[in-house]
Structures are given as C-alpha cells and as structure tokens.
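Among the features that TrEMBL reports, transmembrane segment is placed at 44-67, 79-98, 105-128, 134-153, 165-184, 196-214, 226-244, 250-268.
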Amino acid sequence: MADSILDSNRYQQQEAAAQLEENAASRGTSRGSGRTGIIWTPRFIISFSVIAILWLSCAGVIAHSWLNGYRFFRSDNRFLLGQTALLLVVWAVFFFVSRRSWGKLAAVFGIVWSAFLVAGAAIKYFVLPVDGSVGIYLDTMSSVALLGAFVCLSLNRVPVRRWDTIFFGLALIGSILLFFYRFWKFPEEARTLENMEAVVSTLAIYLSICVWWLRPSCWRFQPGPALLFGMVAVLTVMVGKIHSHPELVFFFQQTVYLVMLLGQLRLIQGELKQ
C-alpha cells in the first residue's frame with residue numbers, strides 16, 4: 001500500500017515537471033516568434049528614400065519653373081553649381097573616412113570629377129556660356145576622372161578574381177581599338193581634337209558601366225554601389241542622347257547627381273560600419 005502511494009506521488013511529480021517544461025518551452029517559442037515577427041527597416045534605407053523623394057520633387061519643381069522662365073529660376077547653372085559643390089564636399093568626407101588606399105584614390109578622382117563639373121557650371125553662370133571646345137574639354141576630363149573613381153571603387157574591399165584581371169585587359173585593348181576605329185571612320189576634315197575628345201568621353205562613360213555591371217565580384221561584394229554607380233553612368237549616357245530637349249537634360253542632370261550622392265552616402269555608411 002505504501003509503495004503504491006509513493007509510486008503515485010512520484011508519477012504526479014514527474015507529470016508536473018513535464019508540464020512546467022512544456023509551459024516554459026511554449027513561452028520561449030511565443031517570445032521568439034514575437035521577435036522574428038517584427039521586421040525593422042534599416043535607418044539608412046529610410047534616409048535614402050527621404051533624400052530621393054525630396055531631391056526628385058525639388059528637381060521637378062526647379063525644372064518646371066526654369067522652363068516657364070520664373071525670375072529666380074532663369075539660370076539652371078545656379079542649381080547645378082550648388083549640387084556639384086555638394087558632391088565635391090561629400091567626396092572629401094569620404095576621403096577622410098576611407099581606410100584603404102583604393103578608397104582614398106577613388107575619392108581623389110571623385111573630387112577631380114566634381115571640380116570639373118563645378119568649374120563648368122561656374123563659368124556658365126558667372127562668366128559667359130562656354131564655347132564648344134571648352135565644353136568638350138570639360139566633359140572629357142570629367143568623364144575620365146569618373147572612370148578612374150569607379151575603377152578604384154570597384155577594387156576597394158573587393159577581392160580580384162581571374163575574370164577581373166581578364167576584364168581589365170580586354171577593356172584596355174578594346175578601348176584602344178575602338179578609339180582608332182572611330183578615328184579612321186572620321187573624314188580627314190573631321191579628325192579634330194574636339195572630335196577625338198568626344199570619342200574619349202564616350203568610351204570612358206561606357207567603360208564606367210562595364211566596370212560595375214560586367215564583373216560578378218562587384219555584384220557579390222558591393223551590390224549597392226554597383227547598382228547606384230552603374231546607374232550614374234547609364235543616366236549620363238541618357239543625358240547625352242536627349243540634348244535636344246533642354247528641360248529633360250536639366251532634370252536628368254539633377255537625377256545623375258542624386259544617384260551619385262546616394263552612392264557616396266552608401267560608401268560612407270559602409271566605411272563607418274567597419
């Protein structure tokens with residue numbers, strides 16, 4: 001009789017302990033599911049979205065006001081000057097926060113690129129409209145500087161694979177061949193320095209797209225900068241295609257600077273996280 005009572009008590013204790021373990025497990029599961037049920041949006045994504053919305057909204061208003069000839073908006077170079085100066089400052093900030101030599105060298109090229117854009121906008125706004133040769137020279141130098149910045153950025157914090165080495169070799173050889181092909185395609189009277197500079201500028205912009213979008217290592221290790229900086233080059237090509245519509249050129253120039261700014265901020269955010 002005593003043994004049966006002891007056995008029943010022991011069974012009740014074991015059953016109570018098992019029930020407590022089940023309750024604890026259920027509470028832990030509910031808490032864990034509560035934690036995983038909330039998806040927090042990173043703050044920098046929210047910041048990027050706010051900057052993009054505000055910038056594009058202001059760009060649309062400015063382009064519309066400039067097209068209608070409102071007094072304060074009669075000069076588009078006033079706004080382009082301020083935007084390019086902002087990009088120059090952000091490149092300088094990236095130079096100081098970058099920890100690697102490729103990043104610092106890219107910042108130097110970026111500062112040079114911004115400086116040429118600032119110089120072009122300042123000359124048009126404060127002095128006189130530049131003639132064709134000066135404009136082509138500024139475009140060529142800025143395009144080459146942009147290519148240099150993108151090449152350095154694509155090598156920053158990215159391991160160089162076999163395809164990367166092959167790509168840069170093919171890009172160099174292909175660019176030289178394309179340049180001479182275009183040179184011989186021109187009539188003799190059109191083989192001027194301005195036309196050759198225009199060819200160099202075009203090749204530099206298309207190479208800027210290829211540097212980011214034809215290398216899998218960039219998409220794997222730097223997907224954000226690869227997308228944004230590739231879009232900078234694509235939009236730059238679009239601006240050159242719609243030169244007959246000045247209002248679209250003005251708007252898309254501001255869009256190019258917006259995408260560049262977002263790419264710069266992404267680089268700075270990545271450096272600060274390291």
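Backbone N, Cα and C define each Cβ position, glycine as well.
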Discussion item. I'd like to know if the transmembrane segment (250-268) touches the transmembrane segment (79-98) in this structure, counting it as a touch only when three or more C-beta pairs sit under 8 Å and are separated by 6 or more positions.
Written reply: yes
Discussion item. Which sequence-distant residues neighbour the transmembrane segment (226-244)? Criterion: at least 6 residues beyond either end, Cβ under 8 Å.
Written reply: 143, 146, 150, 153-154, 202, 205-206, 208-209, 212-213, 218-219, 252-253, 255-256, 259-260, 262-263, 266
Worksheet item: Restricting to the same chain and to residues at least six past its boundaries, which positions have a Cβ under 8 Å from a Cβ of the transmembrane segment (165-184)?
Response: 191, 196, 199-200, 203, 207, 210-211, 214-215
Discussion item. Quick test of the contact rule: Cβ under 8 Å, at least six residues beyond the ends. What residues does that give for the transmembrane segment (105-128)?
Written reply: 75, 77-78, 80-81, 84-85, 87-88, 91-92, 94-95, 98, 134-135, 138-139, 141-142, 145-146, 148-150, 152-153, 156, 264
